Every structure is written in C-alpha cells, then in structure tokens.
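Undergrad: Structure in structure tokens, see below.
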Amino acid sequence: MKKVKPEFDSADQLSRIELYKRLDQNNPLNQGMRPYEGFNGPKKERSMTDRLCLLFLLLFFCATVFHGIVLISYGNINRISNGYDFRDEICGINGLINQPYLYYLQPSVDMNVAMCVDECPSSTGKYTCLYSIDHFTTTNFCYVQMSSTKMARYCIPKEPVSRKIVDDFLSQTEPYIKRTMSDILLSLDLIIVSIILLGASAYFLTYLLSFPSIVKFQVWGQIWLSIICFGILSYLFYREYERVIDTRCLYKIDKHQCGGDRATLFYLAWIGTAGIGLLFLFNIMKLFNKINLGISLIKTSSQIVLVLKQLRFFAIFVAFIGFVQLGYSCIVIFYGMTIGERSTVQALNINGDAVKIFTTTQIYQLSLPFQAFMILFFLLFVMSVNEMFNTYALSVWFFTKRKDVVQIPLLVVLRELLLHHLGSCVYAVFMEIFFFIPKWIFYTIYYFLSSLPQDSMIVRFIQGCCLCCLACYQNCLRYLSKHALVQVAIWSEGYSLSSRKAYFLQDRHKEKIHDLDFLIEFILFLLKLSNSLVISLPIYIYLSVSDTTLLGVKVADIESPLIPTLFVFLIGFFYVSVFQVSYDITTKSVIQLYLVDREMFYGEQRFVEDFIQKFMEFYGKKEVDQIKIKSNAQRKYNAQVVPENINKELDEQSYQSEEQEEEEDEEEEQEEELEDINLQDDNSSPELGNDYNGKNKTNAHHIVADPFQLDDASDSRSQTQWKSGTNFNK
C-alpha cells in the first residue's frame with residue numbers, strides 16, 4: 001500500500017522562534033493603546049493592585065523583627081572579633097580585658113587548648129603555663145613557647161607544622177566568616193562616618209546633574225573615572241593578595257599553596273576586576289557616539305527633575321529608611337553568628353582534665369541566609385517604592401497641559417502609593433530577586449538562536465532542545481522590567497498585566513528606541529560605580545596609614561582593610577542608586593510616556609513637550625539611518641558573493657521595496673496633514689476614526705489630575721510658556 005505524506009500547514013513550517021513572533025503579532029495586548037473615555041492623565045478611580053503581595057510583606061516584616069529579637073537576646077557580639085580560651089572565656093573583656101589575643105599552646109596535639117595573652121610571643125624556648133580561674137595565678141600545665149606572628153587577634157606560630165594547622169583551622173567557613181565580620185565590626189566608626197559622607201556626596205553629585213550645561217562634562221568625567229576605578233580596585237585586590245602571602249607564607253615557599261583560600265580569592269578578584277575593566281573600556285569606545293545621545297536624554301530628564309524637586313527630596317527619606325534597615329540587619333547577623341552551646345570535652349594534652357569548648361548552633365547558622373535575604377529584599381523594596389513614587393509623579397506631570405503651574409504634593413503622592421500600589425512594589429521586588437539572572441541567561445539563549453538561520457534543521461533541533469528555556473522567556477521572563485511601574489501608575493492595573501503592556505509598547509516602537517534603555521542603564525551604572533569607589537577609597541587609605549580608628553581600636557587588629565572598604569563600596573552603590581533613581585526611572589518613564597502619548601493622540605491633543613519630542617524623534621531617526629546603512633552594506637556584500645543573475649533579482653526586489661516604503665511614507669504624511677487640517681478647522685468634537693471612539697480633543701486640554709492642583713491665578717498662561725525646558729516656573 002502506498003504511503004501518503006502528511007500535509008503540513010504554514011505554522012508547522014515555522015521555527016519555534018518564528019512561531020513566537022507570529023503569536024506576538026496576534027496578541028491582544030500588542031494592538032496599540034487606546035485612551036479611556038475622558039482621558040485626563042493617570043486614572044482617578046484607582047484600585048489596590050497585587051494585594052496578595054501585601055500579605056508576604058507583612059509576613060516578612062514580622063519574621064524579620066521576631067528573628068532579630070531572638071538572635072540579639074541569645075547572642076554575644078564580643079565573640080565576633082575575639083577568640084575564647086580553654087574555659088570558653090572571651091579574650092579582651094571582663095577579667096581578660098588586658099589579654100585580647102588568642103594563643104594556641106600546642107596546636108599539633110590539641111587545638112582546644114588555647115589561652116588569652118597580652119601580646120603574641122616573639123621568641124621560642126620559654127615555658128608558658130595556663131592561668132588559673134583568677135587569670136593571674138599559673139597552673140602546673142606548662143608548654144614550650146613558640147614564636148608567633150599576629151593576624152588580627154590571633155597568634156599564628158612560625159613553626160611550619162603548627163602554622164599550617166592553625167591556618168587551616170582559621171580558614172574553615174565559620175572562622176573565616178567571623179574574621180570578615182570582625183574587620184567590619186572593629187572599623188564600624190569609620191564605616192558610619194563614611195556612610196554619612198557618602199549620602200551627602202551622592203546627593204550633591206546627583207544635584208549637579210540637574211544643571212544641563214554641565215551634564216555632559218560631569219557624565220564623561222565620571223565615566224572615565226569609573227575605568228580608573230576598575231584599575232584601582234584591581235590594584236587593591238593584588239595588594240591584599242601580596243599582604244596575605246607575606247603574612248601566611250613565612251619562608252615564601254610555594255606561596256600559592258600556603259596562601260590558602262583567602263589568597264586565591266584575592267588573586268582571582270584581581271584578575272577578574274582587571275578583565276571587567278578592559279571589557280567596559282572596550283564597550284565605552286564602541287558606544288562612544290551613542291553615549292552622547294544617552295547624555296542628551298539625561299539632560300532632558302534633568303530639566304524635568306529640576307522642576308519636580310520632590311523627586312530629589314523623597315530620596316533622602318528613602319536613604320534614611322534603607323540605612324536603618326541595613327544597620328538593624330547587620331547587627332542581627334553579628335549576634336546570630338555568636339549563638340551556640342558550651343560543652344566539656346577531654347583535653348588531649350592535659351592529663352586527667354577537661355576543657356570547655358563553644359559550638360555554634362546549626363539552626364541559627366541556617367537562619368542567617370534568611371536574614372541576608374531580608375537585607376536584599378527590604379533594600380530593593382525601598383528602592384521600588386522610590387521608583388513608584390517618581391513614576392507616579394512623572395505620569396501626572398506628563399499628562400498635564402499646563403506643566404509650568406502643576407503642583408505635586410509629596411504627601412498626597414505617597415498616600416496614593418501606600419494605599420493602592422504597595423503590593424505592586426513587592427511584586428516587582430520578588431521578580432527582580434528570583435528572575436533577574438535567569439532572565440538574562442534565557443535572553444542570551446533566545447537572542448543567539450534567533451540570530452541563526454531559522455530554516456536550518458540543526459537550528460530547529462537546538463531550539464527543540466532549549467524549548468523549556470525559550471518558553472520560560474517567551475511567556476514570563478521577557479516582560480520583567482521597571483517599565484511596568486509606568487503602566488501601573490497610568491492605568492492602576494496589576495504588575496503582571498502592566499509588564500506585558502510595557503513590553504509590547506516598546507516592541508512596537510523598537511526601531512525608534514533601539515538600545516536606548518540599555519544605554520541609559522549602562523551610563524548610570526558607570527556613574528554609580530565611580531561615585532561609590534571615590535567615597536569608599538578614603539577608608540582604605542586611612543586604615544593603611546593610621547595606627548588606630550576614630551574610637552581608638554588598633555588598626556593592626558583589623559586583618560584586611562579591604563573588607564570594610566568593600567562593605568562601604570556596596571552600601572555606597574545602594575545610596576547612589578537611591579539618589580540617581582530620579583534620573584534612572586525618569587528616563588524610563590519618559591520613554592514609556594512618550595510612546596503612550598504617541599499611540600493615543602495626534603496633533604494638538606498630544607501632551608509631550610517639545611524638548612522631549614525633539615530628542616525622541618532625533619534618536620529614532622539616528623537608529624533608522626543606522627538600519628539603512630547596514631542594509632546598504634549588506635547589499636554591497638551580496639554584490640560580491642552572490643551570482644549576477646541572483647544579484648539582479650535582489651537589487652530589483654530591494655529597489656521595489658524602497659519604492660513601496662517611500663510611497664507608504666508619503667501616504668502617511670498626507671493623512672497626517674489632512675488630520676491636522678481637520679483638527680484646526682473643526683473645534684467641536686470631531687470623530688477621528690476608530691482610534692478615539694468618538695472622543696474629542698477638548699478632553700485632552702482640561703487635564704488636572706486629582707488630587708494635583710493648578711494655580712488659578714496662572715490659568716490664563718498658554719502652553720507656549722513651556723518651551724524646551726528653558727522657562728521653568730516655580
């Protein structure tokens with residue numbers, strides 16, 4: 001019997017990515033935006049969005065407070081920076097206040113037999129005896145003294161075998177974390193002063209961005225400073241690597257092995273930081289011209305921020321809340337690392353006697369990752385609230401005709417945010433924590449596979465193998481971005497629906513805003529990097545040249561000055577992000593609001609200001625020109641490699657397509673001219689086709705979003721008073 005070939009429809013002939021693109025074209029959310037009846041800016045009748053997330057916020061807050069109270073009640077923060085002797089008494093406090101250093105008497109036999117000393121032994125041969133309960137009277141248990149070097153508040157023997165044993169013991173996970181926290185705790189006074197200076201400098205540098213005349217010089221200066229910062233960080237890591245080698249490798253034999261994991265970590269950080277710096281330098285040189293365009297958008301945003309001063313003032317409040325939360329969480333972690341149980345064990349080198357040891361409770365160790373997660377969650381949460389506040393205020397400002405007199409009360413905006421959109425802020429934080437890294441991994445896979453020939457069977461086979469990754473990216477991960485907050489602010493809808501609207505809106509106009517979002521994030525990241533390092537570097541210099549901290553703690557007791565420096569650097573990155581969010585989210589909001597306005601309104605009904613429209617049109621024209629240049633280059637390439645008969649067909653097709661595009665552009669221009677003429681001739685509610693559903697242009701002229709008020713005395717001012725950001729009134 002003859003076999004019949006199965007018939008396939010057109011959908012079966014598409015690759016998986018091509019099928020996804022076709023589904024996107026038919027998606028109901030990808031059909032253009034329409035204004036609601038009587039559109040006058042952000043929706044007045046607002047509803048609570050993502051209210052289920054508020055339950056998680058309440059649970060996390062209660063769990064964090066309860067968890068912190070328990071850990072602080074049972075912990076002893078003195079155990080972080082001090083060792084404890086054979087009786088489990090902490091060195092440097094109470095009766096041992098003059099004996100802060102821990103010395104191991106015979107580590108090759110028993111690591112549990114250790115005592116507190118006032119200084120590490122500098123010679124070998126004498127006998128050292130254990131002290132009695134009063135810490136002065138000596139006992140009969142004596143050992144040969146070993147010459148030692150000081151590492152933080154521990155005495156490390158110079159004898160190779162004993163030195164390796166002590167090094168291996170202190171390099172275990174728990175002692176290693178304790179030593180790192182000890183460096184932070186002992187330099188806490190310098191860290192607090194640095195954070196205060198950091199907040200002030202971050203606000204000042206952000207304030208300078210509000211002056212358009214110096215934005216270009218400031219941004220380029222900080223961009224090149226960020227490259228220098230990578231070099232400085234690389235040098236600091238290398239210096240710490242050499243310092244660890246000098247401390248731990250007494251005879252400089254096989255230094256990579258005797259340096260341990262700490263030296264290896266600094267070595268890899270040195271190489272990695274230098275490599276990342278070179279990669280950033282390459283990208284800066286490659287994107288040189290586009291960075292100038294991005295700076296132009298920052299200038300545009302600075303004109304808006306200059307008027308809406310509330311955007312800067314609210315950041316101060318957010319920074320203070322973040323500082324309190326970060327301090328509380330760090331204290332909880334310090335105490336959590338010191339909770340444990342005391343037990344008695346038989347000493348191996350004390351005949352017939354026992355010693356007391358301290359063992360950290362495992363359940364509290366497992367709870368520390370939860371506290372670290374809470375630090376990340378609440379810091380991102382206050383950042384998200386700040387972004388939502390800025391977005392909501394900008395949406396009201398953008399969709400107001402008389403922008404020179406609009407007033408945006410800070411407390412009213414905050415009330416609207418807390419009552420209706422706090423759940424969406426929590427939702428956005430969850431998405432960023434759990435799906436930020438998977439999103440970029442799956443995006444890389446998706447972008448790589450989409451760049452390959454889609455009719456290749458090998459490519460389709462690879463797409464089938466990666467079907468799970470492609471489906472996750474297509475149905476969920478690609479929608480996650482801060483642009484969703486703009487849609488939440490306008491339409492008062494949940495984060496999930498708003499993120500899809502924001503994605504498809506940008507996808508429909510990707511030729512006009514190609515890479516603009518990434519470009520702004522890249523520029524602002526370099527600004528954050530340079531600001532953070534400039535403020536954190538002085539603490540490293542101070543610890544390198546001074547003998548004591550501001551409170552009199554010996555700098556020699558701090559094992560690595562790089563640890564508090566990196567801690568301040570990370571906190572500084574958060575602080576700079578808080579103050580620069582007014583520019584970060586403003587640029588994103590401007591892009592979204594411009595596209596929304598472009599789709600929903602024409603002619604005089606549009607709300608966009610001239611200086612915003614000119615920039616967006618200029619950037620879009622640049623991107624279209626780049627696409628044409630690439631297509632011409634491809635045509636020249638085809639002329640060299642394609643046979644003449646095929647090349648003629650390609651030239652004819654390209655010529656015909658260019659003619660069709662020109663005809664379509666002319667028709668669109670004629671239609672727009674006719675619509676503008678109709679709008680000018682008819683002032684009484686003209687119907688503009690299906691796009692407006694019978695709405696008239698006067699609806700767009702009387703826009704004062706409640707509860708935001710306009711000054712009645714200035715009601716007669718025309719929109720021409722607001723030109724290119726040059727005539728901003730109070």
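Positions of Cβ are set from backbone N, Cα and C atoms, glycine also.
Remember, it's a predicted structure, so these values are computed and weren't measured experimentally.
What TrEMBL records for this protein is below:
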- 658-679: compositional bias 'Acidic residues' (COMPBIAS)
- 680-697: compositional bias 'Polar residues' (COMPBIAS)
- 716-730: compositional bias 'Polar residues' (COMPBIAS)
- 647-730: region 'Disordered' (REGION)
- 54-77: transmembrane segment (TRANSMEM)
- 184-205: transmembrane segment (TRANSMEM)
- 217-238: transmembrane segment (TRANSMEM)
- 265-285: transmembrane segment (TRANSMEM)
- 313-335: transmembrane segment (TRANSMEM)
- 372-398: transmembrane segment (TRANSMEM)
- 518-542: transmembrane segment (TRANSMEM)
- 562-583: transmembrane segment (TRANSMEM)
Undergrad: Does the chain bring the transmembrane segment (562-583) near the transmembrane segment (184-205), so that three or more CB pairs sit under 8 Å (pairs 6 or more apart in sequence)?
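TA: Touching, yes - the transmembrane segment (562-583) and the transmembrane segment (184-205) meet the threshold of 3 or more Cβ pairs under 8 Å.
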Undergrad: When you check the transmembrane segment (184-205) against the transmembrane segment (518-542), do you get at least 3 Cβ pairs under 8 Å, counting only pairs 6 or more apart in sequence?
TA: yes
Undergrad: Which range out of 54-77, 313-335, 518-542 gives the transmembrane segment (217-238) the most CB pairs under 8 Å?
TA: 518-542
Undergrad: Flag the pair the transmembrane segment (54-77) / the transmembrane segment (518-542) as in contact if three or more Cβ pairs fall under 8 Å (sequence separation 6 or more).
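TA: No, since the transmembrane segment (54-77) and the transmembrane segment (518-542) share fewer than 3 Cβ pairs closer than 8 Å, they do not count as touching.
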Undergrad: So, taking each listed stretch (265-285, 313-335, 372-398) in turn and counting its Cβ pairs to the transmembrane segment (518-542) that are under 8 angstroms, which one gives the highest count?
TA: 265-285
Undergrad: State the non-local partners of the transmembrane segment (265-285) in its own chain: residues 6+ outside its ends, Cβ under 8 Å from one of its Cβ atoms.
TA: 223, 226-227, 230-231, 233-234, 237-238, 240-241, 244, 256, 259, 291, 522, 526, 562
Undergrad: So if I exclude everything within five residues of the ends of the transmembrane segment (372-398), which remaining residues of that chain have a CB under 8 angstroms from its CBs? That is, six or more out.
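TA: Sequence-remote neighbours of the transmembrane segment (372-398) are 41-42, 57, 60, 63-64, 304, 307-308, 310-311, 314-315, 318, 321-322, 325-326, 329-330, 333, 406, 408, 413-414, 416-417, 421-422, 424-426, 428-429, 432-433, 482, 485-486, 488-490, 574, 577-578, 581-582, 584-586, 589-590, 593, 597, 607-608, 705, 708.
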